[in-house]
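Here is what TrEMBL says about this protein:
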TRANSMEM  12-33  transmembrane segment
DOMAIN    25-278  domain 'G-protein coupled receptors family 1 profile'
TRANSMEM  45-63  transmembrane segment
TRANSMEM  83-105  transmembrane segment
TRANSMEM  126-149  transmembrane segment
TRANSMEM  169-192  transmembrane segment
TRANSMEM  222-242  transmembrane segment
TRANSMEM  262-281  transmembrane segment
C-alpha cells in the first residue's frame, strides 16, 4: 500500500540520517578525549572513550541498515545473516550500558574514597574491566548464534529480533543485562548523591580545604553528566525493551513490526545523544571539541 511505502521511505531516510550523524559525532568525541588523555590521564576518560567507541559501532551498523534499506537486498533471507546482524547491533548496545556502569562505579569510588582514590592502582583494573566488558557484550550479543536452541525454527525471511530469535533471548537481555545494570546505576547515583551533598555542606564551612572541595565538586559534576547519559539511554532503549517484553509475554499482541522499525530506531538514536550530552555538559570535552572544530575551519 502507499502508506506502507511512505513508512518504509521514512525509515530509510531516518536510518540514512543516523548513519551520517552518529559516526562523525562519536569520532569527534574520541579524538577530543584521546587528546585530553595525553595531557591529563584519567580513568574516566578511558571509559568515556570506550563509550564513544561502542556508539561508533552502533553508527556503523546504522550504515549497514541504511544500505540494506536503500538497496532492498535479499541479505535478510538468510537466518544466519539476520542473527549476525542482530548480534552486531546488540553487542555495542550492551557495551554501552556496561560502560555506563563502570563510569558510575569509578565516580562512586572517587567520591566515596576522596583521599585514597588518587593512590588506587588504575591501569590493570581498567584493562581487565574493559576486557571482561567486551567479552560479556560479545557473549550476550551472540547468544542465539552460540546456542541454536534460542533461534526461531520458522524464520520467514523478515529480519527482526523476535522473528529470528526466541523470546527467551529477549528475556535474557532484559533481565540479565539491562534491568540489573539500570538498578545498580540508580543505587550508585542515589548513594553518591547523598555523599556528595553531605560533603559539600561539610566543606562549605572549611575554607582551608577549598582545593578538596573543588575536586569533589568536579567529581559530582561528572556524575551529573553520567546521570543525564543514563536518562537518555533509558528513554531511548526503554520503550524497545518494554515493548519486546510485552511482545514476548503476550502471544496475541502484534508489536514485532513496531519493535523492528520504530522502537529499534529510537534506541539507535542514543548513540547520537551520548556525544551531544558530553559536548554540552562536560566542560573539558566541550572546550576541546570547540578547539578541534576551529582548527578544522582554519585549515579549510
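Glycine is no exception: its Cβ is also placed from the backbone N, Cα and C atoms.
Remember, predicted model here, so these are calculated numbers, not experimental data.
The average per-residue pLDDT of the prediction over the domain 'G-protein coupled receptors family 1 profile' (25-278) is 79, rounded to a whole number. Outside the transmembrane segment (12-33), and at least 6 residues removed from its termini, the chain residues within Cβ reach (under 8 Å) are 45, 48-49, 52-53, 55-56, 58-60, 62-63, 65-66, 69-70, 265, 268-269, 271-272, 274-276, 278-279, 285, 288-289, 292-293.
When Cβ distances are compared across the two stretches, the transmembrane segment (169-192) makes contact with the transmembrane segment (83-105), since 3 or more pairs at least 6 residues apart fall below 8 angstroms. Counting only same-chain residues 6+ beyond the ends of the transmembrane segment (83-105), those with a CB under 8 A from a CB of the stretch are 44, 47-48, 50-51, 54-55, 57-58, 61, 64-65, 75-76, 129-130, 133-134, 136-138, 140-142, 144-145, 151, 159, 161, 164-165, 173, 177-178, 181-182, 184-185, 188-189, 192, 223, 226, 229-230, 233, 237, 264, 267, 270-271, 274.
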